Each structure stands twice: as C-alpha cells, then as structure tokens.
Amino acid sequence: MDAYATWCGPCRTMSPVFEKLSEIKTKAHFVKVDVDKVPDVAEEFGIRAMPTFMIFYKGEKKDQITGASPVALENAITSAMELSES
C-alpha cells in the first residue's frame with residue numbers, strides 16, 4: 001500500500017517507482033491511498049509521514065517503509081513475495 005498525498009514532493013517522486021514495481025511484481029496487489037481523501041486510513045495505521053509504504057501478507061502488516069527509497073521498497077516487496085512462495 002502506498003499512502004501518499006498529492007502535495008507531497010517525495011510521493012510524486014516515488015509514484016512512477018511504485019507503478020513500475022506493480023507491473024513487474026504481478027503476483028502482488030498494489031494499492032494507492034490518498035491520505036487527504038481517506039484520512040481514516042492514515043489514522044488507523046498511524047501514518048505520520050509520507051510517502052509511507054506498507055507490505056501486507058495474508059492481511060497482516062509485515063513491513064513498512066517511510067520516505068522515498070526505491071531500493072528499500074523493492075527489497076521489502078521482494079521479501080514479502082518470497083514469503084508467499086514458501
């Protein structure tokens with residue numbers, strides 16, 4: 001899940017990275033949430049900074065990455081996908 005805001009510069013930087021990963025990692029589900037439009041999500045997950053990426057497996061949060069780090073995001077997604085294959 002990509003928790004973002006339209007006014008957030010780092011979010012705009014990471015958006016194409018998130019989109020590209022969604023095309024490459026086709027076995028995963030990618031969701032974008034505009035925290036200004038759905039503030040309940042930000043509150044529920046305690047999101048204080050953006051972008052925040054959350055990785056879920058079988059409904060449980062497994063990882064969280066805050067900030068614009070393409071490498072960290074790709075590594076977290078790859079690790080989560082390895083869980084699903086084991």
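Cβ coordinates are placed from backbone N, Cα and C, and glycine is handled just like the others.
What TrEMBL says about this protein:
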ACT_SITE  Cys8  active site, nucleophile
ACT_SITE  Cys11  active site, nucleophile
DISULFID  Cys8-Cys11  disulfide bond
DOMAIN    1-82  domain 'Thioredoxin'
SITE      Asp2  site 'Deprotonates C-terminal active site Cys'
SITE      Gly9  site 'Contributes to redox potential value'
SITE      Pro10  site 'Contributes to redox potential value'
Gly9 (site 'Contributes to redox potential value'): secondary structure state under DSSP, collapsed to three categories: helix
Cβ-Cβ neighbours of Pro10 (site 'Contributes to redox potential value') (radius 10 Å): 16
Are there any residues in the same chain, six or more apart in sequence, whose C-beta is under 8 angstroms from the C-beta of Asp2 (site 'Deprotonates C-terminal active site Cys'), and if so which? Cys11, Met14, Ser15, Phe18, Phe30, Val31, Lys32, Val33, Pro51, Thr52, Phe53
Helix, strand or coil at Asp2 (site 'Deprotonates C-terminal active site Cys') [DSSP, three-state]: strand
